[in-house]
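Annotation comment: Swiss-Prot describes 1-14, 88-227 as topological domain 'Mitochondrial intermembrane'. The annotation transmembrane segment is assigned in Swiss-Prot to 15-45, 60-87 on the grounds of similarity to another entry. As annotated by Swiss-Prot, topological domain 'Mitochondrial matrix' applies to 46-59. Taken from Swiss-Prot, the feature Cu cation A1 binding site covers HIS161, CYS196, CYS200, MET207, and the record attributes it to similarity to another entry. The Cu cation A2 binding site feature in Swiss-Prot is assigned to CYS196, GLU198, CYS200, HIS204. As annotated by Swiss-Prot, Mg(2+) binding site applies to GLU198.
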Amino acid sequence: MAYPMQLGLQDATSPIMEELTDFHDHTLMIVFLISTLVLYIISMMLTTKLTHTSTMDAQEVETIWTVLPAVILVMIALPSLRILYMMDEINDPYLTVKTMGHQWYWSYEYTDYEDLMFDSYMIATSDLKPGEFRLLEVDNRVVLPMELPIRMLVSSEDVLHSWAVPSLGLKTDAIPGRLNQATLVSSRPGLFYGQCSEICGANHSFMPIVLEMVPLKQFESWASSMT
């Protein structure tokens, strides 16, 4: 999860988030090189006394600054399209969980189990236990098996919401009347926090998400105790 004064991305917990982190670094390096080149050219233009008053055109330069940006855009677009495909693809998910956004809480339904559904509300600051995080803890965590593909179906009962867990590379809009899909795979156990990422009203900031990723046997025991 995030910590105070953090400048970078959260530690990746899923293959998708690892790919997104690499793509971020790849794109950032390209932007850095372009910015450095532009600043260098501007500095040279401001400091040099040389002029080219007789130059009416420079086709070589025009060709370069047309072809080079096109090549750079391709270098950014290809890995981006690959990641978008990976985020949208899901084959034979082990589990499907339906997530519904409400003002201002989340409800979850494990569609592969009978009567396994619950609401998830934020725990008030006055009820927090030592070591728990303000505005991030919930009364019912979403328990899921690690290292297995999980399909999240996201929608809303009222207004626009957004179901987001940064460390897993997840951010899916919850739209009334529409069912969106996201793929979730956690590479390690633990608690992973998120929040509603779409302004949805007065208590938008009080819609946390907590995923508890556990080994498969522990998940099956939890599911049996809940049904």
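Yeah, the Cβs are placed from backbone N, Cα and C, and that goes for glycine too.
Since this is a predicted model, take the numbers as computed values, not measurements.
Look at CYS200 (Cu cation A1 binding site): DSSP puts it in coil.
Summary of the Cu cation A2 site environment: with the site residues CYS196, GLU198, CYS200, HIS204 set aside, the chain residues having Cβ atoms within 8 Å of the Cβ mean position are GLY101, TRP104, VAL159, LEU160, HIS161, SER162, SER197, ILE199, GLY201, MET207. Listed by sequence, the residues of this chain that lie at least six past the ends of the topological domain 'Mitochondrial intermembrane' (1-14) yet keep a Cβ under 8 A from its Cβ atoms are 20-21, 24, 133, 136, 166-169, 184-188, 190-193, 213.
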